[in-house]
Amino acid sequence: MAHSQVAYLIPLKADLKEDDSSPRITLSKGPNIIGRGNVSIVDKRLSRKHITIIVSTSGSASLSVEGTNPVVIRSSGGGERKKVKPREEVSVSNDDLIELIPGHHFFKLVLLPIENKGSYERVAKKARKAEDDVEAIRRFCPPNEKLSSTFRLLSVNGLPDWANTSCVSINDVIEGDVVAAILSNYMVDVDWLMSACPKLANIPQVMVIHGEGDGRQEYIQKKKPANWILHKPRLPISFGTHHSKAIFLVYPRGVRVVVHTANLIHVDWNNKSQGLWMQDFPWKDDEIDPPKGCGFEGDLIDYLTVLKWPEFIANLPGRGNVKINAAFFKKFDYSDATVRLIASVPGYHTGLNLKKWGHMKLRTILQECIFDREFCRSPLVYQFSSLGSLDEKWLAEFGNSLSSGITEDKTPLGPGDPLIIWPTVEDVRCSLEGYAAGNAIPSPLKNVEKPFLKKYWARWKADHSARGRAMPHIKTFTRYNDQKLAWFLLTSSNLSKAAWGALQKNNSQLMIRSYELGVLFLPSPIKTQGCIFSCTESNPSTMKAKQARKDEAEKRSKLVTMTWQGDRDSPEIISLPIPYELPPKPYSAEDVPWSWDRGYSKKDVYGQVWPR
């Protein structure tokens, strides 16, 4: 493989400087077809087979035009621009400039020096890594025993099959013999939901906890199946929302807990970059050895109790009629839970409740965790889809929580410099949905253009997950060192005081406006697992997992990205499908952060301007 890669096409900006925001294209020995499918350019003038470049290991190359538009070649020696018409072929040399469309889309051809074998192999190795990174999601196939320790991206329409490897849709989640369901969300499109997941009409009891306004609630009430119950939790503080996104499915064998980032609407489950975690838990066996509570159970019951939905009766096979309320969820064994829950609920939280919710809950858990020394003062990432009205004081308060944690010798990790991953106007314009994607990135100009934020902006760059054009509705926060992660949070929380809470009264009170829910992935001891439990496994016996060796059991798991170069089969390695590039690329001088209340006259991929 190394010796077949003999050249690069390096993308250039209009000023002919290298464009770091676009991936290089590696060229192999022999013919290489370049076109709309393998360049990160949205232009209908580009053909799927636009040009063919034939490269030999001797250092020679030729270019032929396959598409309907001409291509321009500029020689490296500063010669004149030469137009190559369709079906013509010309010789090209090292450092020649190629204009895929005359005057547009510049690339430099770099032929690797065959005479310097060491240099060649170094460049070829870099090329292989770049190629691996570009399609990293193709290799993201976690084994069953690790599925609950990681999360999955949602499938995106219009992408090649390999780009949806191990990704999920709503029917992969709501499956099997469900006897009762609780759907928690902000937006609910009842018409789409019933067509996308007809099974919901046959589940005996479905509770829908939502954040819709009165008009939408009335519509859902009229259109919903008879087996649905609607509940909108109380919002005691103005400008709050019920924003949590979760699904709780009760089966004869146990319960499935799902935490995700998508509204129950078509575009969220089909066109966006989204994340989802789920794990199945068995019923407690109170007769043999009643399991003690654990952190996850406490997190869950505390959160469900606050929702105060009207309890309902469900008939469970072998158990009869059971009241479905918050206390009901104590009947399941969460001792093998692989995450902690980080929730927000509205209110003025003091005393013991101060550390139970929002960023103070995250701070409290991280303070109790031990991390590797490599994460001392390592950077942070804030990635989300809506930006609140922030100030520097609160951003420092929030950063203090996310910088918590110690090393083995009790040394604090120390503060980490954050970057905010946020789509640019160009990202939205060229996205799968064009400017329409901006509807789900609802931040006004007054929030986005605060001067102190400029130093934090970083690009949404997602080539390795094939989601560069699938705009993010996923929300994630993490601390990282290269491709290793200290911890990772997948959540419904955007970057706002309403979602995370703000300290008041000399830090004795935390004020939160909204309901939110997220799952926190942490390094944890590798314990001997007795089973991989599934609520939907056709075989009623529990599948036995591989027993960990003693030396393995003493190790702690390590969190890494999809592009981490190492042995992913190792028991302690947990690979997470982070959709964006780490380290993030800071904005260039030309990049403009998206805000949805500004006008954009440059047409998007559908020929539209904004607002429409």
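Each residue's number is its place along the chain shown, starting with 1.
For all residues, glycine too, the Cβ spot is worked out from N, Cα and C.
As recorded in TrEMBL, the features of this protein are as follows:
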ACT_SITE  H243  active site, nucleophile
BINDING   K245, K475  substrate binding site
ACT_SITE  H473  active site, proton donor/acceptor
SITE      S496  site 'Interaction with DNA'
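Around the Cβ of K475 (substrate binding site), the number of neighbouring Cβ atoms within 10 Å comes to 25. The separation of H243 (active site, nucleophile) from H473 (active site, proton donor/acceptor), Cα to Cα, is 13 Å.
Packing around the residue listed as 'active site, proton donor/acceptor' is summarised by its Cβ count: 25 other Cβ atoms lie within 10 angstroms of its Cβ, all protein chains included. Spatially close to H243 (active site, nucleophile) yet at least six residues away along the chain are Y186, G211, S492, S493, A499, S514, Y515, E516, judged by Cβ distances under 8 angstroms. Between the CA atoms of K475 (substrate binding site) and S496 (site 'Interaction with DNA') there is a gap of 12 Å.
Separation of the C-alpha atoms of S496 (site 'Interaction with DNA') and K245 (substrate binding site): 17 Å, rounded to the nearest whole number.
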